[in-house]
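Participant: Okay, handing you the structure first.
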C-alpha cells in the first residue's frame, strides 16, 4: 500500500490510567479533571498546552450534561469549589 492510498482517521482521545482512581466508577475522575482544567487555565492561561490534557480527560469521561451544568454554576458564581 502506498502512502497515497493510506486513509487516516481522526484521533479519538482515551483517558489513561490514574492511580488516584482505581475503581471502575469514574465519576470522581471526571470531576477532578474538570476542576483541574479550570484551575490550570486560571493559573497559566488558556494557551498553556498542558491544560489541554485535563480538558480532553473530562470531555471524554463526563456526560456533556454534567460539565454544561458545572459551566452554568461557575458563571452564576455558585460552583461548589473555589477555583482561584
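Residue numbering: from 1, along the chain as shown.
Keep in mind that glycine also has a Cβ here, set from the backbone N, Cα and C atoms.
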Participant: Choose the correct range: of 30-40, 63-73, 74-84, which one does Swiss-Prot annotate as motif 'Cx9C motif'? Give that range.
Facilitator: 30-40
Participant: Under a three-state reduction of DSSP output, how is residue 62 (disulfide bond) classified: helix, strand, or coil?
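Facilitator: DSSP call for residue 62 (disulfide bond): coil, neither helix nor strand.
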Participant: By DSSP assignment, list the helix, strand and coil residue numbers for the motif 'Cx9C motif' (30-40), in that order.
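Facilitator: Once the DSSP states are binned, the motif 'Cx9C motif' (30-40) shows 11 helix, 0 strand, 0 coil.
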